[in-house]
Amino acid sequence: MRVGVLTGGGDCPGLNAVLRAIVRKGVPAYGHEFVGFRDGWRGVLEGDVRPLGIPEVRGLLPRGGTVLGSSRTNPFATDDGVDRIRGTLAEREIDALIAIGGEDTLGVAARLHDDGVPVVGVPKTIDNDLGGTDYTFGFDTAVSIATEAIDRLHTTAESHHRVLIVEVMGRHAGWIAVHAGMAGGANAILIPERPFDVDQVQAWVESRFRAQYAPIIVVSEGAMPLGGAEVLQSGQTDAFGHARLGGVGDWLAHEIERRTGKEARTTVLGHVQRGGTPTARDRWLATRFGLHAIDAVQAGEWGMMAALRGTDIVMVPLLEATKELRLVDPALYAEAEVFFG
Ligand code: F6P
């Protein structure tokens, strides 16, 4: 078979490890040939390809980002998107597609499967908010980076008696904030799933200072105050209709300074969380997803996605995985709350 592979959406540590696993198994075990599409669905729409053989995946296991490039192109944003995709697959004699991505990229894959395109999915996102799988790769790396940042910020918070706010990624789900906040000993963790009460945050800050410590607050970019809205970096939206978030940390710092008279500063981790080499766990997960994805292609399991359930990799329908985002469980948040204030 000739198999096309693409990586779409925000880049994520572990993407290259998936490519390596797919090719390293697919060539010797099944005799498949691979074609890499550049920049996600854009490459499929425009027939923009690059070679993807064993020589091209050498050295990729620890490498961050994606050698295929990525974009947030949405083929369904144009009327002829599906026809153009079919055209590219026919022209390049491609028998199957492996789409590696998050809710948007895999949402497109699910719709294409409905239209009869032979596609298999691999879940990635640092946000860890994809349904159908316990974890996505990239998340563990993002949590490690955010935890290290929190550890480092504690010393400045204590030395200067400041409130330090760490703004982490997480558009709709607060997984990074909850995991890194718990690991880093945050005094408040604010997540999109639970609008926060600024009076309560102020009370936590004041109680932390009374205990002769300085507060660290971890806030997801998508968190919002009760009765308020998400803080946007710009009014622009991407091809899937997502606004660019950012700024809730600064908003909160200003509010805390105004209410408490204590100096409050924000560190926005931004793309640092998505950069660099994947952790061992993300390499392990990405590699296993890649191996199971190419097995699924060989078995003709179209419309399925590799997923982690416990320690097993299983195949689940793309449609099921992309139906609903996986949000932070209130019981987990309650565990984190024990340490607030
Ligand atoms: O979807 C992953 C993610 O990192 C989100 O946490 C974040 O909101 C978004 O991507 C940022 O996207 P971009 O890098 O395109 O601005």
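A Cβ is built for glycine as well, from the same backbone N, Cα and C atoms used for every other residue.
As annotated by TrEMBL, domain 'Phosphofructokinase' applies to 2-297.
Per TrEMBL, the feature Mg(2+) binding site maps to Glu103. In the three-state DSSP scheme, Glu103 (Mg(2+) binding site) falls into the helix class.
The annotation site 'Important for catalytic activity and substrate specificity' is assigned in TrEMBL to Asp104.
Its Cβ taken as reference, Lys124 (site 'Important for catalytic activity') is surrounded by 32 other Cβ atoms within 10 Å in the chains shown. Summarising the annotation, TrEMBL assigns site 'Important for catalytic activity' to Lys124.
Under the heading substrate binding site, TrEMBL lists Thr125, Ile126, Asp127, Arg162, Met169, Gly170, Arg171, Glu221, Arg265, His271, Val272, Gln273, Arg274. Non-local neighbourhood of Val272 (substrate binding site): Ile145, Ala149, each in the same chain, at least six residues away, with C-beta under 8 Å from its C-beta.
Using a 10 Å radius centred on the Cβ of Asp127 (substrate binding site) and all shown protein chains, the other Cβ atoms total 30. Summarising the annotation, TrEMBL assigns active site, proton acceptor to Asp127.
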Practice prompt. Compile a sequence-ordered list of residues in the same chain as Asp104 (site 'Important for catalytic activity and substrate specificity'), six or more apart from it, whose Cβ lies below 8 A from its Cβ; state 'none' when nothing qualifies.
Written response: Gly8, Gly9, Arg72, Asn74, Phe240, His242
Worksheet entry | 10 Å Cα neighbourhood of Lys124 (site 'Important for catalytic activity'): matching binding-site residues from Glu103, Met169, Arg171, Arg265, Arg274 | Glu103
Worksheet item: How far apart, in angstrom, are the most distant Cα atoms among the substrate-binding residues Thr125, Ile126, Asp127, Arg162, Met169, Gly170, Arg171, Glu221, Arg265, His271, Val272, Gln273, Arg274?
Response: 33
Worksheet item: What binding-site residues in the list Thr125, Met169, Arg171, Arg265, Arg274 lie within 10 angstroms of Glu103 (Mg(2+) binding site), counting C-alpha atoms?
Response: Thr125
Practice prompt. Could you tell me which of the recorded positions Asp104, Lys124, Asp127, Val272 have their C-beta within a distance under 6 angstroms of some atom of ligand 1?
Written response: Asp127
Worksheet item: Between 0 and 100, where does the mean pLDDT of the domain 'Phosphofructokinase' (2-297) sit?
Response: 97
Response to the item:
So Met169 (substrate binding site), by the Cβ count within 10 Å over all chains shown, scores 26
